[in-house]
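Asks: Sequence annotations record features per position, and here Swiss-Prot assigns Ca(2+) binding site to D69, D70, G115, G117, S119. Feature annotation from Swiss-Prot assigns topological domain 'Cytoplasmic' to 1-7. Among the features that Swiss-Prot reports, topological domain 'Extracellular' is placed at 29-455, with the record citing sequence analysis. Per Swiss-Prot, the feature transmembrane segment maps to 8-28; the stated evidence is sequence analysis.
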Amino acid sequence: MKRENIKTILLTVLVVISLVFTWGIWTFQPNFSEGSSSTESTVRVKHKIEKTTQKLSETVRPRDMFIHDDGAHYKVDDNALYEEIWSDLPHWDVKGIKDISDQYDKAGFKSWFYGIGGSEAKLDLQFSDTIPIDIFQTLFKWSNQSFEYSSFDHILIPFNETKANKKIYLVSYSKQLILEVTVESANYRNIMNDLKNRQSNMPAFSLFSIGSKKEFLLPNKPLTMDKKEFVTESIKTNTFKQALFSDPSIVREDSNYNNRNVLTDGISRLDVNLSQRQVQFQQRNLVQSTSYQTGELIKKSQKYLEDTGSWTDHYQFFNINDSQQLSFYIFMDQIPVINSTAKPFGATSAITVQWANDDILSYKRPNYSLGTNPIKTSETELMGGSEVKMLLSKQTAYDTDKIDQIFLAYQLVSTSTNDDPLVELEPVWAMKVNGKIVPITKDLLRKEGANSGVE
């Protein structure tokens, strides 16, 4: 065989071998065993504080429900009935929207709202803050219609709707803004009949004038409610670390603090204050966003609380302040839980959230959960409307003309030392005044200035 032929054959073999090796390199896929470090470095299971999930319709809901019937007012105090009403509303089909605010002057609006002077009786769903229209659009079966961006703090549902298409109303009481919404509901008649049949057993309320400008719905007689005692369960710092940091493996603890666990990854900072029972997670070098509408902030916060598993108790959206800080309060028996000003249980009883565009700027919350089962209950009597009015007229800590809301609440009362997990939930009247939530108790008579309260 000639030398040239031998060279050609060898060259061909080398080319084939090279192609085989190249193909092997390009198609090779490593088979890491389960639990290997390589797999863990590329895919991290997202941890949550609590596995419980919560829909937007469970986070944004009315604080109170009242029936207004020819000048009489009744509070819907049956939790099962409340749930029946609120869970059915998302199934109502919205057929049309119309602004009818111009139909009423100031006196006519009040008569229409409260069912006075021949106006039809209505069910009133009251929210603790104004809710943007795009949130209602998300909650209900609502087609994409053009509308002016507005917010509402009431849904009114008339009792005497007999047509197939019913009328309900989104109302901003302070602005006297009324949006008439035409809906179709298969269960409307059953719900409204059930309410009407139970109305006589509901506690009766009246409008009480407090200060020189406003009226508030308060009970005609003292109310009997349950005082409850709970053993709180502390949530471990490591649980917050795993849920809140994007990469917990690079987080380091700062040991220069007493009775506090402070952790950072260089960008974010987690501060767990054990004596104050408070957790704060902050992002550094970010500026608070002021460009978002309230509806967007509620949706972003809902997603963040869902993604981090923040539903350690049943939290509901409560309000948003002028700094665009959103507050979510624990609700027990559909009643908000606030902190006592005289004997507070830690520094906060709410989750607060602030945003810097698409990044969380600040997340603050309690480091414990209450649970749902009290270890002890006992009956207690709550002031009637006349007593509430008299107490507020005697106190000098707050200007009664600055009161925005008065509502039922549970206040968290510390029963002993800072380390004791026992806490008492005491029924109390509360007011929103000067942007703060303040319990209405006889402690007000001993205050000289309006420096206490929960923002």
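Positions of Cβ are set from backbone N, Cα and C atoms, glycine also.
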Asks: Around D70 (Ca(2+) binding site), how many other C-beta atoms are within 10 angstroms of its C-beta?
Replies: 12
Asks: In the structure shown, which of the binding-site residues G115, G117 has the fewest Cβ neighbours within 10 Å?
Replies: G117
Asks: Enumerate same-chain residues with a sequence separation of six or more from D69 (Ca(2+) binding site) and a Cβ-Cβ distance below 8 A; give 'none' if the list is empty.
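Replies: In sequence order, G115, A121, F159, Q199 meet the Cβ cut-off.
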Asks: Quick one: which residues besides D69, D70, G115, G117, S119 have a Cβ within 8 Å of the Ca(2+) site's Cβ centroid, in sequence order?
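Replies: The surrounding set, listed in chain order, is H68, G71, S111, Y114, I116, G118, E120, A121.
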Asks: Give, as a single whole number between 0 and 100, the mean pLDDT over the topological domain 'Extracellular' (29-455).
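Replies: A mean pLDDT of 91 is what the predicted model shows over the topological domain 'Extracellular' (29-455).
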Asks: Which residues, sitting 6 or more apart from S119 (Ca(2+) binding site) on the same chain, put a CB under 8 Å from its CB?
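Replies: The answer is S111, W112.
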